[in-house]
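If you check TrEMBL, you get these features:
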DOMAIN    63-335  domain 'G-protein coupled receptors family 1 profile'
TRANSMEM  49-71  transmembrane segment
TRANSMEM  83-102  transmembrane segment
TRANSMEM  114-135  transmembrane segment
TRANSMEM  156-179  transmembrane segment
TRANSMEM  191-217  transmembrane segment
TRANSMEM  275-300  transmembrane segment
TRANSMEM  320-338  transmembrane segment
Amino acid sequence: MQAIPCHATMQNLTKNITSRANGTFVMHYNAVNGSCNQMTGPPTPGVDFLVSTSIIALLILVGNIMVILVFKADRRLRRMTNKFVISLAVSDTLVAAVYIPVYLNDALKGQQTIVQYIVCFIWFASILNHCGLAYDRYQGVTKPLHYEQIMTPRKVKTLLVMIWVIPMINTAIPMPFVLNPTLHPMRKKMIVEYFILADLAFIFICTILIFSSYMVLFKIARRHVLEITRISARPSRRDSPGETESLQPIETRSGFKAHRISFDSLKVELKAARLFALIVLTHFICWCPMVYDNLCFIFIPPNRMDLIEMLIPVEVRFIVYYAFILNSCINPIIYGLLRKEFREGLRKLFNYRRVNGPLKKKEKVSLKILQNPETEDAFTEI
């Protein structure tokens with residue numbers, strides 16, 4: 001999201017409109033630089049707004065810093081997939097460490113600085129990290145035998161560099177136009193709107209790619225569940241008296257052998273499917289409000305302030321703001337706490353020990369795509 005064009009006359013004009021809800025929102029239209037943040041400038045916050053934002057910022061910092069520390073401390077977690085998770089945690093940390101303080105500072109002073117550019121940078125970095133994760137897991141699940149050849153360390157480093165360089169370039173390109181005092185305001189407005197449309201188109205493409213990738217993974221997980229159910233329903237045999245019932249290795253339609261098929265593996269597959277669905281659902285819920293907010297500003301005429309206030313009331317502005325920062329609070333839960341290996345690494349980081357001795361390893365997932373730790377984590381170890 002670039003600097004959002006303001007709807008005001010082409011004069012050196014500043015217009016403030018306030019309305020109450022938790023705090024006072026200040027709509028700051030500045031025709032000099034031709035920009036304003038989202039639908040409004042930063043809100044003049046009430047106590048409840050400051051407290052809630054501070055709590056969320058603290059949770060974001062604690063959650064994402066813990067993800068980074070655990071992945072750095074535990075050698076088992078130093079895999080290609082987790083490099084994207086660490087990168088995502090860094091971008092989420094920037095939300096709490098940079099964006100929220102600048103936003104609150106602007107809100108308290110009733111002004112606007114660089115908050116819209118920070119949003120743009122973090123927005124792009126976050127969505128590109130999600131793309132990297134989706135691409136990595138797609139390769140790990142659909143092409144497990146060739147995963148190491150596809151996701152080489154060099155390729156992963158290249159992708160990570162692109163994930164951070166592209167947002168920097170995207171944020172820097174419109175700034176010379178926006179900050180140019182000699183450029184006619186109307187022309188400046190048109191240029192900024194062009195960049196916004198280009199950004200929204202790019203984000204839409206990224207969202208489609210993420211959605212498509214996880215839908216493929218969801219279908220694969222669902223197919224595995226059906227195969228496990230079908231094979232588990234077959235009669236079992238006893239190898240010798242006193243032995244437990246077991247199944248012979250069976251070649252499934254997906255091209256891999258299922259060993260020791262049980263309801264434990266079925267549980268893991270269902271959990272994988274739920275996780276993929278949760279990732280997609282969270283992405284849509286957190287990012288759609290901001291996309292809606294930007295589209296309204298682009299297509300609503302400057303002289304229709306009544307329409308803007310009707311389509312984007314104060315309550316919607318709160319939703320846009322909280323959805324954006326809550327996404328950074330949810331990510332460490334999805335990519336960290338929901339994973340068994342991360343929880344074990346967290347215990348080791350704090351030197352937790354059970355009273356009855358070391359942690360017992362749970363029965364390994366019986367349905368393996370590949371005996372390769374790099375790809376195993378992408379699908380079964382969740």
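Backbone N, Cα and C define each Cβ position, glycine as well.
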Next item on the list: Could you tell me what the rest of the chain brings near the transmembrane segment (83-102), counting residues at least six beyond its ends with Cβ under 8 Å?
Entry: 53, 56-58, 60-61, 63-65, 67-68, 71-72, 113-115, 118-119, 122, 125-126, 129-130, 132-133, 136, 156, 159-160, 163-164, 324-325, 327-329, 331-332, 335-336
Checklist line | Rounded mean pLDDT for the residues that make up the domain 'G-protein coupled receptors family 1 profile' (63-335) | finding: 78
Item checked: Residues from the same chain, set at least six apart from the ends of the transmembrane segment (275-300), whose C-beta lies under 8 A from its own -> 1, 4-5, 7, 38-39, 123, 127, 130, 193, 196-197, 200, 203-204, 207, 210-211, 214-215, 217-218, 221, 307-308, 311-312, 316-317, 319-320, 323-324, 326-327, 330, 334, 338, 382
Next item on the list: State, in range form, which of 49-71, 191-217, 320-338 has the highest count of Cβ pairs under 8 Å to the transmembrane segment (114-135).
Entry: 191-217
